[in-house]
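Undergrad: TrEMBL feature annotations, pasted as is:
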COILED    526-553  coiled coil
TRANSMEM  161-179  transmembrane segment
TRANSMEM  191-210  transmembrane segment
TRANSMEM  230-249  transmembrane segment
TRANSMEM  256-278  transmembrane segment
TRANSMEM  388-414  transmembrane segment
TRANSMEM  426-448  transmembrane segment
Amino acid sequence: MVEPFLSQSWYRLCNLRPRLRPHVLIHRHRFRGSVWYVLQDAASGKSHRFTPIAYYFIASIDGRLSVDAVWNEMAETFGNEAPSQDDVIRLLTQLYSADLLRLDTQPDALELFDRYSRQSQSLLKRNLKSPLSITLPLWDPDFFLKRMLPLFRPLFSRTGLFLWLATIAPAIYLATLHAKELAGNLSDRVFAAEGLLLIALVYPIVKLLHEFGHGLATKAFGGEVHQMGLMFLVFFPVPYVDASASAGFRSKYQRAAVAGAGIIVETFLAACGLYLWLAVEAGPVRAVAFDVMLVSGMSTVLVNGNPLLKFDGYFVLIDLIEMPNLAPRSTKYWASLIERRVFGVEKKSDPLSFGEHVWLLVFAPASYVYRMIVLFGISLFIATHYLVIGILLALWGLFSGIAMPAAKMLWHVVASPQLRRHRVRAVGITSLALAAVAGPVLLVPLPLNTLSQGTIWLPEEAYVRAGADGFLEKVAAPAGSHVEKGAPLFQSSDPVLTMQLSILEARVRELGTQFRAEWLTNRAQAEVTSREIEEASAELKRSRERSRRLIAHSATAGTFVVDRTSDLPERYFREGDVLGYVTPAHGQTVRVVVSQDDIDLVRKRLVRVSVRIPGQAEISLPAKILHEAPAAIDHLPSKALASVSGGPITTDPRDTEGLKSLRRWFQIDLDISESPAPPVFGSRVYVRFEHEWEPAATQIERRVRQLFLAQLHA
């Protein structure tokens with residue numbers, strides 16, 4: 001459909017004599033070989049891009065010529081390429097909405113006050129509309145940055161780039177060498193109380209240096225920075241600086257350098273933090289260095305430096321590839337593509353090069369997928385220690401990433417004027433697409449599993465304990481050998497007990513001789529001596545029993561397990577101390593804990609149980625339930641399940657043993673009989689309880705209801 005050259009609304013504004021406001025600056029840029037003009041509002045910092053034809057109109061409105069006169073001149077100059085009257089109306093509307101036009105003759109001072117008032121009201125409305133992202137301007141840093149620039153100007157050169165690379169490259173290599181040490185027990189270090197406190201202190205400082213990097217880069221290339229303040233993201237203060245003056249730089253590399261200055265600062269801080277972390281011993285300084293490295297490195301790699309999210313990396317990308325507004329243009333490109341190819345709307349497509357088509361086609365879906373991965377990855381990471389917060393964050397991600405876009409899409413389909421001639425087709429295709437997506441969610445049963453962790457558990461008869469106090473002399477059986485029930489395993493000695501036995505045996509002999517002598521001469525005294533013999537004999541019997549218990553025997557048949565046999569001889573053990581284990585030859589017991597939310601599924605809807613053992617992860621071992629504890633407990637069966645040991649369960653920090661959990665759990669014992677190799681006692685295992693299948697909607701409804709059960713009694 002061809003757009004008319006004339007407009008019925010032209011009479012409303014043809015006699016206006018607008019002109020640009022005095023604070024508007026004009027810059028000529030080249031994007032992908034084409035000339036564009038960027039209008040920069042120095043008062044608000046916003047920038048707007050226009051084509052050469054649009055700029056011809058903008059440059060012609062000087063407050064003296066009317067809109068109609070300018071348009072007629074353009075019609076004579078450009079001929080068939082001249083804009084239609086509707087094009088001019090849209091351009092004027094865009095300029096007026098952006099507060100770039102002055103349509104009256106009020107004095108400049110009054111205009112300035114009115115402009116400032118509108119900006120203040122706009123900021124207030126924006127803060128009230130988005131209370132979780134409040135902007136608070138505090139300071140004009142331009143003079144300060146101007147004074148500091150001579151100190152840092154050498155860094156904005158090839159020398160500075162070389163120094164940055166010389167700092168970063170070795171740090172990347174060292175980080176790969178120490179990757180296990182850096183990532184080990186990461187969640188516990190982050191979510192510990194002292195870890196959260198240090199991060200809360202380090203984060204604003206790192207971000208302040210980050211923002212100063214943007215500001216100094218802007219000043220170094222000739223721009224001005226007139227606003228710095230705090231942005232409260234979920235009520236947490238984060239510094240920000242207005243570096244929008246960089247939009248006027250003609251060099252795309254200068255614009256990219258300003259956008260990437262914060263990334264350069266943070267990666268430099270991360271490298272310095274790594275060097276300090278490697279150099280110092282454990283303590284507060286090392287903890288601070290680790291947090292600087294964590295905040296600077298992780299935020300740069302995952303968020304700030306990634307071009308798929310609309311942070312610094314994104315602005316570096318769009319400057320280097322010369323495609324401003326890539327994200328909204330890509331979204332609009334997909335919307336236009338669907339309207340033309342799927343809904344059959346006849347609309348003129350913008351002339352684009354092959355490279356622009358590729359970027360616009362790829363960016364929106366790639367950005368969306370990565371954004372969801374990051375959001376749900378962070379939710380899962382947080383949920384390992386703060387379940388409710390993690391679930392709420394995931395629900396917010398579902399709402400903002402799926403529900404809201406879907407609602408906007410549906411509203412566009414049913415209400416957009418552009419689809420009025422194709423409404424039936426658009427609604428029909430959209431309904432079929434929704435049915436294809438919602439059908440599996442609402443109707444098709446999907447696997448339902450309860451995942452938990454447990455430990456390899458041994459019965460009491462499997463423990464080999466010291467029967468009496470003594471020094472271990474030898475290990476009577478080789479480690480790993482098969483032993484029968486009653487086989488001697490450990491031989492201990494007690495010099496004091498040996499001496500007591502000698503004394504008691506001599507005492508019994510002496511009393512026996514005395515008794516025989518007194519029996520013939522003094523029967524009364526003989527009776528007393530007889531009682532002394534009984535007492536001494538009883539004590540001797542007890543000592544001999546203790547001596548026999550110095551040899552520890554196996555209480556069951558199985559595989560003899562003992563650690564560091566070379567270190568055991570001559571060590572002192574008290575009665576009851578564990579010397580080793582005899583693991584059963586057939587069958588192993590797994591003690592697993594199940595949350596209160598999942599115990600009902602395990603009890604009533606269990607189909608099968610399987611266990612995976614670290615080191616044998618490719619093998620799923622079938623298991624069966626032996627017995628279940630009748631009541632929930634808050635005392636973990638093993639420290640391997642506690643978060644302090646890398647397990648999934650958060651424990652009470654006040655508990656010295658580290659076994660008291662903050663929630664109550666149900667304890668279940670499982671039997672696994674088909675393990676190809678005997679697992680190590682005490683090792684953590686992964687257990688999956690498989691249930692009857694359910695649609696995803698039912699599963700989600702159950703989890704949401706459980707989440708709010710305590711508060712809403714759902």
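From the backbone N, Cα and C atoms, a Cβ is placed for every residue, glycine too.
Automatic prediction, not curation, is the source of TrEMBL annotations.
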Undergrad: Three or more CB pairs closer than 8 Å, sequence separation of 6 or more: does that hold for the transmembrane segment (388-414) against the transmembrane segment (426-448)?
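TA: Per Cβ check, the transmembrane segment (388-414) touches the transmembrane segment (426-448).
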Undergrad: Check the transmembrane segment (191-210) against the transmembrane segment (230-249) for contact, please; criterion is three or more CB pairs under 8 Å, pairs 6 or more apart in sequence.
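TA: As far as Cβ distances go (cut-off 8 Å, pairs 6 or more apart), the transmembrane segment (191-210) and the transmembrane segment (230-249) touch.
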Undergrad: Please average pLDDT over the coiled coil (526-553) for the predicted structure.
TA: 85
Undergrad: Who are the chain neighbours of the transmembrane segment (161-179) in space, where the CB to CB distance is under 8 Å and they lie at least 6 residues beyond its ends?
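TA: For the transmembrane segment (161-179), the nonlocal Cβ contacts are 155, 264, 267-268, 270-272, 274-275, 278, 297.
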